[in-house]
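Data block below; observations after.
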Amino acid sequence: MGHFEVVDYVIFAVLLAASVGIGLYYALSGGRQRTTQEFLMADRNMGCIPVSLSLIASFQSAVAIIGVPAEIYTYGTQYWFIGCAYILGLLIPAHVFIPVFYRLRLSSAYQYLELRFSKAVRICGTLTFICQMVIYMGVCVYTPAFALNAVTGFELWGAVLATGLVCTLYTTMGGLKAVIWTDVFQTVVMFAGQLAVIVVGVQKTGGVSEVWRKIWEGDRISGLDLNPDPTERHTFWTLGVGGIFLMLSLYGVNQAQVQRYLSSRTEKEAVRSCYLVFPSLQLALALSCVMGLVMFARYCDEDHSEKPSGLSMDAMVIYFVMDMLQGLPGLPGLFVACLFSAALSTISSAFNSLATVTMEDLIKPHFPAMTEARATLLSKALAMSYGLLCLAMAYVTHLMGDSVLQMALKIFGILGGPILGLFSLGIFFPWANSTGAVAGLGSGLAVAFWVAVGSILSHTSARSPTPECRVLLGPDNTTTTIHATLSNVTLSRPSGLKRFYSLSYMWYSAFNCFTVILIGLIISFLTGPTKKEDVHPGTVYPLLGKLVCFLSKPFKKKFYCVTPLGKTVKQWQPSQQKESNGSVLQQEERQSQAETESFFPAVEYETAV
């Protein structure tokens, strides 16, 4: 079952061709991607709507389209509470991170780390981000290809190569403009594919009322679980609070998202794009969750003996889709296009952001005299190289045993959490210094890998036994619901170090973030905190001043001062910068100052002291 018809192949091919066509269009139009400003930053001329749709597509990968329905089908709707984290997870970036990054006129988020700390911190942050995105890219490419292969017999590595090469092609040709506009197109295809599966699934299951009856009797509607135990896999606190830090690591400091903010025409457009993400993310989450519920309602009272044996929960989603859409020409192709659209949008964002940070943070500082033409050519070569590296990482991904959703969120927690901590240390704590930042990041990464590896080796990841529902007809024609577990093993509560290893993966981001901040502040005070005059203007958010807004002005002045951004750069010469080749940074500062004064002639930025 599940093999494509001709029309399905046509729809799938149209998706790939349209993506390549958009890349070709932007390669041959406008400035033809001849400058790094156009290739990497889209000439800083994008509107809020395409940027917001691109922000959604970057996060809503194939991992979410497959992983979230599998999660709901297996464990119920508890995961849906992560939608609560989207509120603060998008408001804080809109009002804290975007103003800081946009007014400094950066190309890479990691340029901020050099302005605030030193070149060493910038390089450490950049390398951590590269590791994070390269590993995540492997998951994104492998996920749809593996699921298709498991159910339809679609050639596994043929699908991996098609995804990786098409994505590499249009990203290399068209730059960030092509990435953003293909994201817009792919987001529409994503929503259409999910909606088609839900509508047909509800119809074949017997209607909305029948679906609701089965998921209610199958105990798939989860209540508000306020258990404060951090080792519980999913509760309101792990999802609603721990999820905030996950969202901040994605939408606050992740280069793939920051690059889109910085490509906006104005700061207001960037903030609006962040606001517009919220309803779209909630819609995407709702579609994925409803799809999981329909999938449960379809299979909970049927004995699918013909189901292929050994299917993972992730592959079950594809099995469900093919089961629902068989006999409807074009719809299987639409969903496969939806799945690969999600993969392409995420991977292309990663390629472009990785090329940007490698160029801006690792290459340009060492070759300041490089011509613009050579720099653009090198940026395209970097994007292509990361594309090929992504294919290699896809081969490694199948060695991991978790569900794709849990695997992806663990990657963001283990590597994204310390990066969030590093930026938070610089933005909110003006006395933090370069030594504290490096020590904090190193400690955060060490603790993150310790907990992650410990949970794998000791097999203490918080998981619940998978319940299965069977609705049977009793002898008196009454319906009886039987709940059986696939495993009769009683999960004993771990103790000691094993309890520490069983920390819910949704807390990884928060735990690692606070580790970086705590160690960073301790080391900073031990080695001598940064002096007020050594803090680069505009790099610190006046958190203390905002928190004491109820005080009178004389008292508030003790918590923050007002420093015009870009007007005191010439006087800024912190001691740690003199030790490294500061000429390159000073050149970047003068360029940033000129751009800032021309773009924001009257902007004053409050800097905490």
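Yeah, the Cβs are placed from backbone N, Cα and C, and that goes for glycine too.
Remember, TrEMBL labels are computer predictions, not curated facts.
Here is what TrEMBL records for this protein:
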type     : residues : note
TRANSMEM : 6-28     : transmembrane segment
TRANSMEM : 48-68    : transmembrane segment
TRANSMEM : 80-102   : transmembrane segment
TRANSMEM : 123-148  : transmembrane segment
TRANSMEM : 154-172  : transmembrane segment
TRANSMEM : 184-202  : transmembrane segment
TRANSMEM : 234-253  : transmembrane segment
TRANSMEM : 274-297  : transmembrane segment
TRANSMEM : 334-357  : transmembrane segment
TRANSMEM : 377-396  : transmembrane segment
TRANSMEM : 408-429  : transmembrane segment
TRANSMEM : 505-526  : transmembrane segment
COMPBIAS : 572-586  : compositional bias 'Polar residues'
REGION   : 572-598  : region 'Disordered'
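Only sequence-distant pairs (6 or more apart) were considered; of these, at least three Cβ pairs between the transmembrane segment (123-148) and the transmembrane segment (377-396) are under 8 A, so the stretches are in contact. Sequence-distant contacts of the transmembrane segment (184-202) (same chain, six or more residues past either end, CB-CB distance under 8 Å): 15, 18-19, 22, 50, 53-54, 56-57, 60, 65, 208, 211, 280, 283-284, 287-288, 290-291, 294-295, 298, 320-321, 324-325, 328, 331, 334-335, 337-339, 341-342, 344-345. The listed stretches are 6-28, 80-102, 334-357; of these, 334-357 has the most Cβ pairs under 8 Å to the transmembrane segment (48-68).
If you look at the transmembrane segment (377-396) against the transmembrane segment (334-357), you find at least three C-beta pairs under 8 angstroms, all six or more positions apart, and that counts as contact. It is 80-102 that, among the stretches 6-28, 80-102, 334-357, forms the most Cβ pairs under 8 Å with the transmembrane segment (234-253).
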